[in-house]
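Trainee: Copied straight from TrEMBL:
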- 388-408: region 'Disordered' (REGION)
- 36-56: transmembrane segment (TRANSMEM)
- 77-97: transmembrane segment (TRANSMEM)
- 103-123: transmembrane segment (TRANSMEM)
- 135-154: transmembrane segment (TRANSMEM)
- 174-196: transmembrane segment (TRANSMEM)
- 203-231: transmembrane segment (TRANSMEM)
- 243-262: transmembrane segment (TRANSMEM)
- 274-295: transmembrane segment (TRANSMEM)
- 301-322: transmembrane segment (TRANSMEM)
Amino acid sequence: MEGGNSPNLQLQQLPLATAAVSVQPHTDSFSYKENLIGALLAIFGHLVISIALNLQKYSHIRLAGSKDPRAYFKTKTWWCGLFLLVLGELGVFSSYAFAPLSLIVPLSAVSVIASAIIGIIFIKEKWKPKDFLRRYVLSFVGCGLAIIGTYLLITFGPNSHEKMTGENITRHLVSWPFLLYMLLEIIVFCLLLYFYKEKNANYIVVILLLVALLGSMTVVTVKAVAGMIVVSIQGNLQLDYPIFYIMLVCMIATAVFQATFLAQASQLYDSSQIASIGYILSTTIAITAGATFYLDFTGEDVLHICMFALGCLIAFLGVFLITRNRKKSVPFEPYISMDAMPGMQNVHDKGIAVQPDLKASFSYGALENNDNMPEIYTPATLPIVQEQHGSRGVSAPPYRVLEHSKKE
């Protein structure tokens with residue numbers, strides 16, 4: 001009797017167990033706590049990084065405006081900024097171990113918000129309320145939109161969690177969706193690199209797309225490394241898996257090349273353009289990589305995905321408005337090259353004067369003004385005079401000095 005009823009009981013319990021497993025990522029309250037912990041760590045990290053960078057910048061500006069002969073790395077302010085920078089990076093790094101990648105990446109807008117607010121506080125300019133409102137209205141609107149977008153990202157972010165073990169990461173690494181995504185990304189990266197290096201396509205979108213493609217691999221490997229370290233700390237050692245060291249090497253390599261392209265972009269374009277365009281491109285490609293590798297949006301309903309996308313768009317608009325209102329730095333060149341000197345001709349100018357003769361008084365570098373000099377002469381030339389064969393007895397000078405007048 002009992003043996004006949006036990007199979008029926010097992011068949012009745014099997015669908016219930018399957019249903020419980022399918023909804024576990026959404027009904028487990030601990031997963032939401034992990035999302036909240038990861039989001040708070042990311043917000044804290046980006047906020048501290050912004051404060052650290054502004055402290056280091058303040059240290060450089062203070063030394064430049066004073067007669068202090070010390071180097072910047074000998075000041076307490078710079079070292080305090082470096083300590084806060086390391087602390088913020090650790091906070092962002094550890095946040096990837098708790099929350100999904102697609103939730104952590106867009107939260108970098110917090111650093112843009114903090115930089116805008118800190119920049120306004122530390123300006124110390126004398127302004128009227130009307131001028132202040134006209135100048136910073138876009139920054140305040142952008143900050144408000146970025147905060148609303150951040151709230152939507154945290155509220156409707158993906159809620160998929162799994163243990164970052166060596167087996168899980170290896171399974172994701174050899175999955176067909178990620179292999180196809182990697183093939184497409186490698187092809188696009190090679191094409192962009194070809195146009196950038198060979199065709200001199202120094203467009204900001206091209207450079208920042210290279211940065212974003214490398215950055216997507218950086219955040220994928222960061223989440224794997226951080227997750228395996230946290231699992232190892234919890235008692236399940238993962239550091240003996242080869243995949244851990246493969247991810248660690250890829251993380252370091254992609255971060256180094258990413259910083260190289262960013263440095264090249266900063267030499268060609270304004271930092272505000274790099275911040276806004278780079279944030280949009282990097283966030284979009286990183287979310288795509290996270291959804292492909294870690295399957296962040298598996299099991300999410302359409303409403304949550306749409307609201308998450310809306311939060312991203314609002315954060316994009318906020319960051320764009322914040323960076324749009326920043327002053328563009330005007331480069332100052334205190335030195336003048338030799339080809340720009342009056343009367344000096346360049347070998348590539350085909351005999352045409354590079355710059356007209358200077359008629360007003362001016363000082364080049366540390367030279368004093370010569371206000372009493374009536375005319376500016378070009379340097380004397382020493383052309384060689386060939387010896388005439390007709391007059392062998394007459395000795396001719398090998399050369400003669402020709403002084404040019406101002407008319408020549």
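Cβ coordinates are placed from backbone N, Cα and C, and glycine is handled just like the others.
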Trainee: To the transmembrane segment (203-231), which of 135-154, 274-295, 301-322 is linked by the most Cβ pairs under 8 Å?
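Mentor: The stretch with the most close Cβ contacts to the transmembrane segment (203-231) is 274-295.
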Trainee: For the transmembrane segment (174-196), could you work out the same-chain residues 6 or more beyond its ends whose Cβ comes under 8 Å from its Cβ atoms?
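Mentor: Result: 202, 206-207, 209-210, 213-214, 216-217, 288-289, 292-293.
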Trainee: Which residues of the chain, 6 or more past the ends of the transmembrane segment (135-154), have a CB below 8 A from one of its CBs?
Mentor: 35-36, 39, 43, 103, 106-107, 109-110, 112-113, 116-117, 120, 127, 307-308, 310-325
